[in-house]
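Here the structure comes first, spelled out in structure tokens, and everything after it is commentary.
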């Protein structure tokens, strides 16, 4: 799914970063970062030239570390593309990308990932990374899947909890990819999983209701997933609205 080159960094906070691109769409770049929240301190925001938003003024250190790791990954991609502007925070706390760019950020545990696309390619990326926690997946399965979806997942060749996590993450990626068109919150029930293909590491989601003029009920969105030792990454590249 990604073509990466990994660099190990002698830092107490950022341990390594893998920078590259989406293998099938090289114009979309990606940066995966391993970080250690125990190495976080507030001065890192200034040292890494990343603004500390007001919404994090009273946040705990772990929350700040998570935020910083994702913004660090995004900054690497923007700087590699010749853009020195930072990713801002909107009123809804969603990332606001510099003019001419669109992207997506996610983090979990000790990993953060960002993807970036030039706006001229009219791609809205949505990326999500989640840690595999089988017991949690079983406990919350009914909050993000329907009985039909769970029946489909039970028939897949993947461990059931892994298939659940892919579905959860896929719907998170869908929200990020479609939000620029939808411009309002929508829940897991807005889309259903209709295909999970372990051979191609791919999935298909279908909207259950109209979200925007160009996103009617029945609209299908295809994405890819990557299974790691204890995480899953999902990616959706949605066409931008004309």
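Backbone N, Cα and C atoms are what each Cβ position is placed from, and that goes for glycine too.
Curation does not apply to TrEMBL; its annotations are automatic.
Features reported for this protein in TrEMBL:
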type    : residues                        : note
BINDING : 63, 71, 106, 107, 128, 172, 176 : CoA binding site
BINDING : 128, 129, 130                   : Mg(2+) binding site
DOMAIN  : 56-116                          : domain '4'-phosphopantetheinyl transferase N-terminal'
DOMAIN  : 126-206                         : domain '4'-phosphopantetheinyl transferase'
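Sequence features, as recorded in TrEMBL, placed on the structure.
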| residue | record | contacts (Cβ under 8 Å, 6+ apart) |
| --- | --- | --- |
| 63 | CoA binding site | 56 |
| 71 | CoA binding site | 50, 86, 87, 105 |
| 106 | CoA binding site | 70, 112, 113, 114, 127, 128, 129, 172, 176 |
| 107 | CoA binding site | 66, 67, 69, 70, 113, 129 |
| 130 | Mg(2+) binding site | 108, 165, 168, 169, 172, 231, 232 |
Problem - Listed binding-site residues (128, 172), ranked by Cβ neighbours within 10 Å, top entry - result: 128
Fill in the blank from the handout: The correct DSSP tally for the domain '4'-phosphopantetheinyl transferase' (126-206) reads 45 helix, 18 strand, 18 coil
Exercise for the section: Show, in sequence order, which residues other than 128, 129, 130 on the same chain lie with their Cβ within 8 Å of the centre of the Cβ atoms of the Mg(2+) site. Expected result: 106, 108, 113, 127, 131, 169, 172, 173, 231, 232, 233, 234
Exercise for the section: Taking helix as H, G and I and strand as E and B in DSSP, count the residues of the domain '4'-phosphopantetheinyl transferase N-terminal' (56-116) in helix, strand and coil. Expected result: 21 helix, 18 strand, 22 coil
Handout entry: Most distant Cα pair in Å, residues 63, 71, 106, 107, 128, 172, 176 binding CoA
Key = 20
Practice task
Over the domain '4'-phosphopantetheinyl transferase N-terminal' (56-116), work out the mean pLDDT and round it to an integer.
Solution key: 96
Fill in the blank from the handout: Cβ contacts within 10 Å for residue 176 (CoA binding site), all chains included, total 23
